[in-house]
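Note sheet for the following structure.
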């Protein structure tokens with residue numbers, strides 16, 4: 001209750017300062033239209049933002065520990081701010097470099113790119129490199145059980161760290177950094193394969209339905225309608241129950257089944273889109289011409305329709321990838337997805353989550369579950385930024 | 001008005017047909033389970049007599065279509081069968097006619113109520129928040145405020161729920177103990193206590209759904225800003241706030257209502273992960289636990305309920321958008 005009073009009081013003070021600020025600005029600038037017409041809400045926004053900025057700067061420079069007890073709030077806040085600024089700076093450097101290096105087309109692309117999209121592209125490239133070369137980058141194996149368990153992240157021996165394991169080890173002594181790197185390979189790789197499969201299935205059937213029409217279109221569409229009426233996470237959980245029963249003790253089979261299950265469920269969404277896009281293309285004259293030339297179905301779909309449907313499908317691919325990736329992470333988090341001992345981010349979050357309760361006295365120990373969850377969030381955020389930019393660009397929205 | 005009723009009736013029938021199809025899918029999926037149902041309950045050392053007893057008890061000796069219709073009829077009447085854990089217990093004690101059997105229905109109802117409570121609290125926070133923020137971002141579009149909101153909502157949409165949940169636990173439960181991180185709800189709790197314990201899961205869900213609704217509200221309003229009557233209102237010299245709230249918002253209501261209903265559907269079904277993180281005793285938690293121990297009757301029933309709620313809310317979205325937009329009532 002006390003905190004609520006403080007917050008309300010603070011907001012009122014900011015409102016008062018905003019009024020004073022607007023009044024002073026009107027007097028100082030001789031009633032310039034910008035300040036004369038400024039609503040109080042806008043002035044409030046400016047003062048609020050300034051107050052938040054000042055407060056963050058003050059909080060950022062608070063001591064990291066008071067009387068030997070770490071003030072965890074300050075430490076987490078510093079990490080968050082440094083991470084945010086670091087990523088923004090890295091994205092800016094990345095964009096600046098590619099504005100000057102590369103072919104004429106890529107330079108042009110990067111010149112029109114907002115910082116968020118540059119950040120997205122950068123993260124996607126980094127993830128791709130890490131997941132492809134995981135075996136070379138990771139210091140230890142993903143299933144390797146090392147000497148020390150529960151080593152704290154940070155590599156500082158004074159608080160239970162070990163420089164050999166920069167991000168510490170988990171409850172049974174596996175190196176967390178290596179598992180994070182291998183997790184990129186497993187989680188991202190599996191999500192990518194699943195999305196490709198979903199697009200192959202949904203895209204082919206969708207275009208086929210669009211080209212052939214008639215009873216096949218009706219049959220497929222009604223099937224898809226029924227499948228889409230079940231929420232996808234619930235449906236995949238139901239099917240995973242059956243899949244684990246089928247797989248028995250073979251853990252890798254569960255993963256294979258999971259790929260197929262999620263691909264089929266997600267292909268329904270792809271089917272909808274590719275059918276709609278395909279239908280608008282099928283009525284074009286050049287399709288008619290190709291049909292009259294006597295081209296086969298394969299030629300029609302892959303050489304005439306697909307190139308013209310590529311732009312919306314590509315944006316959809318990004319979004320689908322995010323969905324698939326999050327579904328797999330959620331399934332693994334719930335314990336029915338990618339099976340241990342394979343490193344996987346969703347499973348890691350679940351296994352390491354008890355550490356979060358140590359946050360107030362050992363911030364370094366609490367950060368590990370967040371790292372795995374953050375790794376998932378970072379990639380989906382990056383993909384979404386890029387897709388958002390692509391959609392914005394292709395829709396030509398200006399306002 | 002008769003036309004409107006006809007459309008609603010038509011959608012309702014379509015919804016029932018969909019639910020019927022969904023029940024077939026669920027039944028077929030569950031029947032694809034390998035091996036003998038009864039055998040898998042009892043394990044390998046079961047005597048043939050015990051297996052036979054279980055088969056009779058569960059009605060497994062009948063043909064699949066018969067079983068399907070029996071299950072469906074039962075489900076319609078609220079009889080969803082007996083959880084497998086209970087069946088196991090009975091066969092060992094030999095008291096299959098005994099009195100106190102906890103049916104799937106008994107197990108699900110209190111949890112469904114809890115889930116509805118959680119969804120209700122999150123909806124009560126997120127819907128007003130999303131619409132307000134949507135109007136504000138449309139009003140101050142392309143300013144620093146709008147861009148900051150765009151980046152943060154996009155990040156919130158794309159983060160997995162458990163990430164949001166753990167961030168909230170970290171800041172609101174561990175570092176600053178404002179709300180408890182475990183939601184041990186039990187019947188007969190006081191409302192304020194219950195609300196306090198539901199707060200963190202509700203806030204997580206709010207973060208997850210607000211962004212989507214806010215972006216849709218903003219897009220729906222901005223879409224309208226180019227129309228001539230908005231131009232007219234602006235030229236009359238109305239303030240931007242008035243133009244948006246009085247002139248643009250009523251016409252943007254249809255897409256906003258649709259996206260709100262769709263997000264409520266998401267709330268009811270997307271609770272699974274959040275409930276597991278906070279150990280909230282809702283239907284999502286029950287579902288995941290049953291999936292893990294392969295308690296088929298419960299899994300089947302939860303699935304059916306989730307699908308029913310999902311279809312119902314989608315239907316509501318459909319009907320509401322037809323009601324709020326007369327143009328949809330008279331298709332060309």
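Count begins at 1; order follows the chain as displayed.
Positions of Cβ are set from backbone N, Cα and C atoms, glycine also.
Of the listed segments B:90-115, B:298-323, TrEMBL assigns transmembrane segment to B:298-323. Per TrEMBL, the range carrying the annotation transmembrane segment out of B:142-160, B:161-179 is B:161-179.
Looking at B:59-86, B:199-226, the range tied to transmembrane segment in TrEMBL is B:199-226. Using a cut-off of 8 Å between Cβ atoms, the transmembrane segment (B:12-33) and the transmembrane segment (B:161-179) share fewer than three residue pairs, counting only pairs 6 or more apart in sequence. By number of Cβ pairs under 8 Å, the transmembrane segment (B:199-226) is matched best by B:116-140 from the list B:116-140, B:161-179, B:252-278. Below 8 angstroms of C-beta separation, residues 4, 7-8, 11-12, 14-15, 18-19, 22-23, 26-27, 30, 71, 75, 80-81, 83-84, 104-105, 107-108, 112, 254-255, 257-258, 260-262, 264-265, 268-269, 283, 286-287, 290-291, 329 of the same chain, each at least six residues beyond the ends of the transmembrane segment (B:298-323), sit close to that stretch. Same-chain neighbours of the transmembrane segment (B:116-140): 146, 149-150, 194-195, 198-199, 201-203, 205-206, 209-218, 220-222, 225, 240-241, 244-245, 248-249, 256, 260, 263-264, 267-268, 271, 274-275, 280, 282, counting only residues six or more beyond its ends whose CB sits under 8 Å from a CB of the stretch.
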